[in-house]
Amino acid sequence: MSLGKTPVSVVNLGRVAYRSALQIQQHYIRQHFDSSNPTPNTLLLCEHSPVYTVGIRPVQYPAEEEQRLKDLGADFFRTNRGGLITFHGPGQLVCYPILNLGCFKKSVRWYVCEIEKTVINMCSKFGIKASTSPDTGVWVGNNKICAIGIHCGRYVTSHGLALNCNTDLSWFENIVPCGIVGKGVTSLSRELGRDVTTEEAAPVLLKAFSEQFNCCLVKADNSSTCECQAGKNSAGMERRYKSLHPPETYLLHTTQSVR
Amino acid sequence: MFSSFCPPVADVLLFLPSCCRCSPLSALLLLMLSSFCPPVAAPASLFCLCPPAASHPSLIFHCPAAALKYTDKHEWVRVEDGVGTVGISKFAQEALGDVVYCGLPDVGTKLSQSDEFGALESVKAASELYSPLTGEVTEVNNALSDNPGLVNKSCYKDGWLIKMTISVPEELDALMDEAAYERYIRSIED
């Protein structure tokens, strides 16, 4: 039974432009301040085309640096999240939990720690021993497998985590990822020696998330992944989302069932 | 006949050391002066030992240790001489973790109560800051550029964030005092 668990709707955006994902996050953030919405907690899953993003510390990345990275064929965005520079691209599973920490614990330090534990838990299900370090994120040895960078306003979170599945890791060679010199990056595929897609990783991440946060995940097509009855409003949210965003900016497909 | 020897009451206070301004001695002195001086527009609280300075920003009365008022978003504000110093509470800095960057507004920025005025970064999380009052930013704690950890180590003193004018003093009345804030914290932690 899952009575009493906080419901969290899962929306799989598929391949979506980073700019669109920012707008979509703002839509779901606004849901939290709309008192008519009983279940605004949402977890967005997506993949981006190649893009470099930076956080609220912009000084280290002047216009020249921005242009250099754009000239390599990637997009570039300055965001309101924490953390320094990172890369998002095909083969990387990006997860944006838009949660009200009041439903869990009102501490960003706690929240980021839980995100790290979620990813470590998920890696262990693949047989990968991952860990934290003094640098926020999830590491396999000295190589980062998952970057984390979040924003929190009025206890509502946005941005989130980016897990390398079968990402082309050479994109990271153009930057100092997360501003950490001397350390590398890795992926599920590199660690396991086989191709691991975002489609394979997504349900495992969702399972780990629901366990770590003790929540009840509800898929966007309104079918529950557990017995709880929450998420009745998620179909309505999808209709509203589709009316807000042109179809070419998203590709909606349901995730595999989470057991 | 005493009018030429009777400076305005408020000016007398300037010559009193700050530690005496709330003392019974200063209240007695004022009573004597007011009886000899021409009528001066003096708020009734002139004869109070410690009037809330924010209620009468024109007065230079203030208690030696101004009380903090708190918002439900864990900012505090201390009013001294009509200027509000703003920071975040111990509860807030513990919930954030080690602060590595403070994004603060420019001097001159006009803020309404509850406006976002900046963000603190910790553990790769950027957390918004909300103005406790309506006013204008007069000073920003530049020490935080090189030493953002002051927000954790000294959140009520050296880790202050901004100073601001107070356009609507009545807003202070709705903020929590220390006892109310302690109760609020306990209700969150339960």
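Glycine is no exception: its Cβ is also placed from the backbone N, Cα and C atoms.
Lifted from TrEMBL, the feature list:
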- A:C178: active site, acyl-thioester intermediate (ACT_SITE)
- A:R81, A:G82, A:G83, A:L84, A:I85, A:T86, A:F87, A:H88, A:A147, A:I148, A:G149, A:G160, A:L161, A:A162: substrate binding site (BINDING)
- A:37-217: domain 'BPL/LPL catalytic' (DOMAIN)
- A:K144: site 'Lowers pKa of active site Cys' (SITE)
Binding-site residues near chain B, Cβ-Cβ under 8 Å, from A:G83, A:F87, A:G149: A:G83, A:G149
Assigned conformation of A:R81 (substrate binding site) - DSSP reduced to three states: coil
Number of Cβ atoms other than its own within 10 Å, given for A:A147 (substrate binding site): 28
PLDDT averaged over every residue in the domain 'BPL/LPL catalytic' (A:37-217): 94
Euclidean distance between Cα atoms of A:C178 (active site, acyl-thioester intermediate) and A:R81 (substrate binding site), Å: 12
For A:I85 (substrate binding site): intrachain residues, at least 6 apart, with Cβ closer than 8 Å: A:Y52, A:T53, A:V54, A:Q60, A:Y61, A:I175, A:V176, A:P177, A:C178, A:G179
Among A:R81, A:K144, which are recorded positions, the residue with the most C-beta atoms within 10 angstroms of its C-beta: A:K144
Per DSSP, three-state class assigned to the residue listed as 'active site, acyl-thioester intermediate': helix
Annotated substrate contacts A:R81, A:G82, A:G83, A:L84, A:I85, A:T86, A:F87, A:H88, A:A147, A:I148, A:G149, A:G160, A:L161, A:A162, maximal Cα-Cα distance (Å, integer): 16
Candidate with sparsest Cβ neighbourhood (10 Å radius) among A:L161, A:C178, the listed recorded positions: A:C178
Residues that sit under 8 angstroms from A:F87 (substrate binding site) by C-beta distance, when 6+ apart in the chain: A:P50, A:V51, A:Y52, A:T53, A:A74, A:W171, A:F172, A:N174, A:I175, A:P177
